[in-house]
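Here is the structure we will look at.
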């Protein structure tokens with residue numbers, strides 16, 4: 001793709017998200033979503049092949065359906081409230097339809113079907129954008145309308161997402177699909193706390209983006225897309241492979257790594273609000289996520305058959321992929337837990 005064309009498309013996608021995040025007018029929010037959608041399709045198909053085209057088509061159809069539902073909810077709300085501003089959703093039907101549309105855009109269960117397939121069919125860079133930047137716009141709208149959301153619907157979707165995110169990743173050997181199911185589970189944790197403490201949702205999103213960014217950058221540095229290719233990199237880049245596994249354990253929420261922070265704080269906040277069954281169920285379901293990350297780490301590092309490196313002088317060549325801020329991201333993705341007492345004051 002021409003660099004100028006790619007820069008223009010990327011700028012449009014960023015502008016669309018920024019319009020959604022900064023607008024208080026429903027029509028501008030819808031326009032921002034459409035700008036972002038039309039610009040992100042060529043980014044998903046940057047390396048043109050049938051799989052990328054299929055993934056981009058699935059993404060477009062899902063997001064277009066969600067946008068249609070969103071506009072329907074906006075019009076219903078306009079009929080009852082006679083205003084375009086995001087203050088309160090006055091009609092229960094509009095609230096349910098709007099929540100469904102935003103859940104579909106985020107890839108939460110039961111509308112999660114597109115996330116693993118789309119992520120698997122696109123390159124690692126596009127997958128990184130899809131699982132991080134593309135979550136910001138719908139989550140910012142959910143953040144703004146949190147007081148008007150149907151609580152039962154949101155909690156059901158959150159619990160299902162945590163369950164699907166853990167259950168779906170159990171049999172996967174593709175790293176991109178594992179990251180997709182991890183994303184579904186993390187989105188479930190964020191929406192579970194949204195109505196109780198929106199600030200904690202924002203903090204959870206920040207930590208999730210940081211960990212996902214680190215993991216994808218390490219995948220790109222190591223050129224790994226499957227668990228088999230990851231296990232074969234031990235004798236070539238043992239340090240990077242070890243860091244990938246530690247970061248993935250952090251994504252699973254293993255203490256004392258950074259990924260444990262959001263789970264700890266969310267369970268604590270839900271318990272403060274006299275909710276016992278919900279956090280208990282979430283913690284049990286989160287063990288599924290941690291299990292497949294632990295199994296991946298075990299199978300990749302401890303059960304690998306001894307092999308020699310047949311690629312001579314591999315260590316003498318300088319890696320052309322320069323990622324200068326990766327060490328900082330790795331430290332923040334794994335060692336933030338001591339800062340939890342400070343973060344707990346951000347209510």
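Note that Cβ sites are derived from N, Cα and C of the backbone, with glycine treated the same way.
Per Swiss-Prot, the features are:
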- 1-21: transmembrane segment (TRANSMEM)
- 25-45: transmembrane segment (TRANSMEM)
- 60-80: transmembrane segment (TRANSMEM)
- 89-109: transmembrane segment (TRANSMEM)
- 111-131: transmembrane segment (TRANSMEM)
- 149-169: transmembrane segment (TRANSMEM)
- 178-198: transmembrane segment (TRANSMEM)
- 201-221: transmembrane segment (TRANSMEM)
- 242-262: transmembrane segment (TRANSMEM)
- 274-294: transmembrane segment (TRANSMEM)
- 323-343: transmembrane segment (TRANSMEM)
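At the 8 Å Cβ cutoff, the transmembrane segment (149-169) and the transmembrane segment (1-21) share fewer than 3 close pairs (sequence separation 6 or more) and do not count as touching. Distant neighbours of the transmembrane segment (25-45): 1, 6, 9-10, 12-13, 15-19, 52-53, 55-56, 59-60, 63-64, 67, 70-71, 74, 77-78, 84-86, 105, 118, 122, 126, 129-130, 134, 137, 141; these residues of the same chain sit at least 6 beyond its ends, with a Cβ under 8 Å from one of its Cβ atoms. For the transmembrane segment (60-80), the residues of the chain that approach it from at least six positions outside its boundaries are 26-27, 30, 33-34, 37, 41, 89-91, 93-95, 97-98, 100-102, 104-105, 111, 114, judged by C-beta separation under 8 angstroms.
As a quick check, the transmembrane segment (242-262) and the transmembrane segment (1-21) miss the bar of 3 or more Cβ pairs under 8 A, pairs 6 or more apart, so the two do not touch.
Counted as Cβ pairs under 8 Å, contacts with the transmembrane segment (111-131) are highest for 178-198 among 178-198, 201-221, 323-343. Of the two recorded stretches, the transmembrane segment (323-343) does not lie close to the transmembrane segment (1-21), with fewer than three CB pairs under 8 Å once pairs fewer than 6 apart in sequence are set aside.
A Cβ distance under 8 Å defines the sequence-distant neighbours of the transmembrane segment (274-294), meaning residues of its chain 6+ beyond its ends; these are 155, 158-159, 162-163, 165-167, 169-170, 172, 178, 181-182, 185, 188-189, 192, 248-249, 251-254, 263, 266-267.
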